[in-house]
Amino acid sequence: MKQQLNYTLWITFLVSTILIYLFFSSGEFSFILTLACGIQCFGFGLVFVTISITKETSGLSKQTFICCAQALLARLFSILTFEGYLPSDATGDYVYRLFEILSLIFCILTAFSIKNNKQELFQWYYFTPVMLIIAYYIHPGLNSHSFCDISWVFALYMESFAILPQIHLFTKREGIIEYHTSNFVITQALNKLICVIFWFYSYEELNRSADESTISVAPWLSGYFVMVAQMISIIITADFVYKYLQSWKQGIPLVMLPS
């Protein structure tokens, strides 16, 4: 039943993505940012819908969802007040923002549903202060507003490490990984891969975005930091993605062994 539910949700998402592109997009390259955001939203929604039906949350990391909630809230502060980091595609006006709002709602509701797990090594407060400090000193200036520029890049830095508690939890659990849990990790990895593609062609715009009002000590490095942060997230999930693809190719459930 869980597998059928996941298939249904994936099909619904794919159809919705095609419709959004056909009726709301202006066809610009930056649409892929909206696509990445939609994939992330789908991942959060998939988990929330599944656990609401099954009431099963044992394989999920509460710390990952707390980290993601912080990142989403910070980014919303930026994109709801300024337009500097929105996709120039027509979907950036409303669709992108809607995906972010829905992601935050799903993420918070899921976090409240997950019980604390003693097996979790990484806590959210290991990451938040460090990412805030880095964001304060290294941030772009597309909004020309320090607080909202810092909020946006803090969200990106935070998301890059947010999946680490979930990946670590996998190493502490033995048995089959639930479909919604593995698909959540895959959607987050795919989100980062698409973002890397976008920023590979656009990161220099971040390096040139600072003005006289910026408090960033090295704004010319912000584009490089953004690229590195995205790559770190991909590296963190690489082994899991490989095992996921192998199990999918063989048509068997993904089984993890404790380290």
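Here, residue 1 is simply the first one shown, and the rest follow in order.
Glycine is treated like the rest: Cβ placed from N, Cα and C.
Within the same chain, residues 31, 34-35, 38-39, 42, 45-46, 49, 90-91, 94-95, 183 sit at least 6 positions outside the transmembrane segment (7-24) and bring their C-beta atoms closer than 8 Å to a C-beta of that stretch. If you look up TrEMBL, you'll see 7-24 (among others) marked as transmembrane segment.
The transmembrane segment feature in TrEMBL is assigned to 30-53 (among others).
Residues 44, 96-97, 100-101, 103-104, 107-108, 110-111, 114, 124, 127-128, 142-143, 145, 147-149, 151-152, 154-156, 158-159, 161-162, 165 of the same chain sit 6 or more residues outside the transmembrane segment (65-82) yet have a Cβ under 8 Å from a Cβ within it. Taken from TrEMBL, the feature transmembrane segment covers 65-82 (among others).
Sequence annotations record features per position, and here TrEMBL assigns transmembrane segment to 94-114 (among others). For the transmembrane segment (94-114), the residues of the chain that approach it from at least six positions outside its boundaries are 20, 24, 33-34, 37-38, 40-41, 44-45, 47-48, 51-52, 57, 60-62, 65-66, 68-69, 72-73, 75-76, 79-80, 86-87, judged by C-beta separation under 8 angstroms.
What TrEMBL records for 121-138 (among others) is transmembrane segment.
TrEMBL lists 150-170 (among others) with the feature transmembrane segment.
Annotation source TrEMBL lists transmembrane segment at 182-201 (among others).
As annotated by TrEMBL, transmembrane segment applies to 221-242 (among others).
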